[in-house]
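S.K.: Below is the structure I would like to discuss, written out as C-alpha cells.
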Amino acid sequence: MGKRAVVTGVGHYLPSRVVPNSELETLVDTTDEWIRTRSGIERRHFAADGEQTSDLATAAAQAALDHAELTAQDVDAVIVATSTPDLTFPAVATMVQARLGMTRGFAYDVQAVCAGFVFAMANANAMILSGQADRILVIGAETFSRIMDWTDRSTCVLFGDGAGAVVLEARDGTGGTADRGILSADLNSDGRHRDILYVDGGVSSSQTAGYLRMEGKEVFRHAIEKLAATAETALAKAGLTEADVDWVVPHQANLRIITATARKMGIGMDRVVVTVADHGNTSAASIPMALSVGVARGQIKPGDLVVTEAIGGGLSWGSVVLRW
C-alpha cells in the first residue's frame, strides 16, 4: 500500500467585473475580431478597486473547502501560486490562512508565473507523500490586470484576474495507475529565456511593480515545443500514454497554443477543457479554475485520468498527471 495525494474538493472565484473585447476596443487600438482570432478570448474578469489577490484566493479556497465538506481547521497547509501578491511580503498564503480562520499548520507562496499551479501541486504532493501534511489547500490566484501596460495592445488584451483552488488529501493507494490522486509530475526551468516573458519592475531593481513584457512569437514557439513534451514525460513516468488520457486541462494562455498542443499530443479537442474564451489568461489561476469549471460542467468525473500542463515566465514549464 502506498500513499496518494487525492483531489477531494475544487472551487474558483471570478471578480464580478466582466470586460468584453468591445470594452478594450475603447481603450487600445484593437478589435474584437483581432483578439478572438489571435487568442480565442472573448471576455475576461478584472478585480474591483481595492480587491486584491488574497481576496480572490480566499474566496476560491472557501469554495474548495465547501466542496470537500471540510473546514479550515481540517487543513494542514496552504500553498498559493501567484506572481501578483498583495505585498512583497508576507505571503498571500498566510493572508488566506488568517481569513479562513485557520490557526494551525503552515502557509507559503510559490512563484513560477503561469506554471505556478503545476509547481505548487507537485510541491504539495511531495509534502503529502513525505508525511509533512495530510490535507493541503493548493491555490492559484492572480490580478494580472494590475501589471498591464495599456499602451502595449498586443499583450494587455490577453490577461484577466481570478483564482482557483483544490483540496489535496492523503489517501491509501495500491501504487498502480488505477489509484486516485497524483500519479506523476514533470517540472522544468531554463533561465536563459527569462527575457521573453517578464515584468520590468521589482523590489531590488526599480522599487516598482512594473509591467508585463512579452515577446509573443517566441513564447508561442517555446510553448508548442515544450508543453506536449512535458505532458508526455509525466505520462511516461506514470507508465501511461496519451491514449490513456480522459481530459487535458491546459494552462489557458490562448486557444492557438491549446489547440496546437492537443494536436501534437494526438488528443482531440473534445478531450480538452477550455475556458480561455471566458477567462482570458489568468496565469497561475487558469488550471485550477479550469479544473473547477470542468467538474461543474460535468466533464471531469471520478476515475478520469487528467493531465495538466503549463508554461510561464522563467521559462518554467511542467505537467501533473492525476486520477480524479
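Each residue, glycine too, has its Cβ placed from N, Cα and C.
As listed in Swiss-Prot for this protein:
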- CYS114: active site (ACT_SITE)
- HIS251: active site (ACT_SITE)
- ASN281: active site (ACT_SITE)
- 252-256: region 'ACP-binding' (REGION)
S.K.: Note down the number of other Cβ atoms within 10 Å of the Cβ of CYS114 (active site), including every protein chain shown.
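M.R.: If we count other Cβ atoms within 10 Å of CYS114 (active site), we arrive at 32.
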S.K.: Can you give the mean pLDDT for the region 'ACP-binding' (252-256), rounded to a whole number?
M.R.: 97
S.K.: Taking the Cβ of HIS251 (active site) as reference, which residues of that chain separated by at least 6 in sequence fall under 8 Å from it?
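M.R.: Set apart from HIS251 (active site) by at least 6 residues yet with Cβ under 8 Å, we have CYS114, ALA115, VAL118, LEU227, ASN281, SER286, ILE287, THR308, GLU309, ALA310, ILE311, GLY312.
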S.K.: Tell me whether ASN281 (active site) sits in a helix, a strand or coil according to DSSP.
M.R.: strand
S.K.: In the region 'ACP-binding' (252-256), how many residues does DSSP put in helix, strand and coil?
M.R.: 2 helix, 0 strand, 3 coil
S.K.: If H, G and I count as helix, E and B as strand, and all else as coil, what does DSSP give for HIS251 (active site)?
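M.R.: Once the DSSP labels are grouped into three classes, HIS251 (active site) ends up as coil.
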S.K.: By a simple count, how many Cβ atoms lie within 10 Å of the Cβ of ASN281 (active site), its own Cβ left out?
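M.R.: Taking all protein chains shown, ASN281 (active site) has 24 Cβ neighbours within 10 Å.
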